[in-house]
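Here is what TrEMBL says about this protein:
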DOMAIN    29-101  domain 'Mur ligase N-terminal catalytic'
DOMAIN    115-303  domain 'Mur ligase central'
BINDING   117, 118, 119, 120, 121, 122, 123  ATP binding site
DOMAIN    328-451  domain 'Mur ligase C-terminal'
């Protein structure tokens, strides 16, 4: 959406300190290395670096506008380049939020879907966007743009053609979802599940539920709250909203949108009958593997119902849905089937991934490569032990990595797993040095951990091994 810098100043309570008020910008960024031509650059203060140091670089790279919170002479001693404009505000982070809200309100008729939950947010977002794209022009959060920076930047990418915005909302404490909702003003709110994520900051599942439920509290009376019927803490959020409530879940959970006759087909995904209010139904062929993916699909289906789609249209959208990078991704690497779900992890999401691994493996060996799960607070020791116990019930081999690796192996042994089939490694380098002795051709391998573990490096190492093995083979005669 093209914006005049005079409007940027008005929306943010700032003042134009350089350039013409007629200068226009399109889209926003906070990273001078990712500037697109015509962007508006927000100079955000950071823990390590201050964005004000990169204003000149951003304008030189093609940004046409900048929002700053320091004197112009300090930020741009030589002044702003010709054809650009600069707005000075009191707080650049708040200005980003204010401008995004202003843009959202300008788009009359736009429907906004907010999605939160302890896990499944991104997969649900991708599936909901695929469903809605069958009828609407959809803008969705890119990657992990789900914070008080990423969400408003997504809204600044709105174009006149967009009819629906599907936005992921993350948090680490009370009040954060409420702040995101105040920016996006969603019409539809989805809560996927309440689980152990963020216990380090919130202390209990009840407080996690309190924080996640801020989304449904923000919905208007003519909005729709979409809640997981299979999670009592989520279902109870119906009492916290004035919006219409639509539930999703599996057969027997009393949900409005439900899956019946679910058939899990390993790496090929799942097949089920989708039933929606009014007696409408359709068969869904879902390409994403695992039971948790079916739950995400039901949440996405409920979004489709909320926006007036019929079951057949929803099923067609779900058939086209694919996971985001590093989430529920199946990849063949030479003799191995990799199940890559290492963008983030909690005990609940890892349990779901282990069950999906078992389905993907079928009669083959299932190897779980699991790294630390962060933000568990006082539950870290037991959470990792429980994950080890779950691995013993679902996998044939456990390779644990990180600070809490010994606790995972301890849980594995407690649950009857063979000690010779599990190992704890202090870091990825130690693991990679011994992978060859653990893996066999035909193995199905799960790679999962919290984001800070960067377990995609294990994926890269495995694929590099395959590439090296292929290049070392002699050419055919």
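For all residues, glycine too, the Cβ spot is worked out from N, Cα and C.
Feature annotations (TrEMBL) mapped to structure.
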{"residue": "117", "record": "ATP binding site", "contacts (Cβ under 8 Å, 6+ apart)": "124, 190, 191, 192, 193, 194, 212, 228, 234"}
{"residue": "118", "record": "ATP binding site", "contacts (Cβ under 8 Å, 6+ apart)": "192, 193, 194, 195, 196, 197, 198, 208, 212, 346, 348"}
{"residue": "119", "record": "ATP binding site", "contacts (Cβ under 8 Å, 6+ apart)": "192, 193, 195, 197, 292, 344, 346, 348, 349, 352"}
{"residue": "120", "record": "ATP binding site", "contacts (Cβ under 8 Å, 6+ apart)": "192, 193, 292, 295, 296, 299, 349"}
{"residue": "121", "record": "ATP binding site", "contacts (Cβ under 8 Å, 6+ apart)": "115, 146, 168, 169, 170, 192"}
{"residue": "122", "record": "ATP binding site", "contacts (Cβ under 8 Å, 6+ apart)": "144, 168, 324, 327, 343"}
{"residue": "123", "record": "ATP binding site", "contacts (Cβ under 8 Å, 6+ apart)": "288, 292, 293, 296, 323, 324, 327, 328"}
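In terms of DSSP helix, strand and coil, the domain 'Mur ligase C-terminal' (328-451) has 58 helix, 30 strand, 36 coil. Other than 117, 118, 119, 120, 121, 122, 123, the residues of this chain whose Cβ falls within 8 Å of the Cβ centroid of the ATP site are, in sequence order, 115, 124, 192, 193, 296, 349. DSSP assigns residue 123 (ATP binding site) to a helix in the three-state reduction. Under the three-state DSSP scheme, residue 118 (ATP binding site) falls in the coil class. For the domain 'Mur ligase N-terminal catalytic' (29-101), DSSP puts the residue distribution at 27 helix, 14 strand, 32 coil.
When pLDDT values are averaged over the domain 'Mur ligase central' (115-303), the model yields 97.
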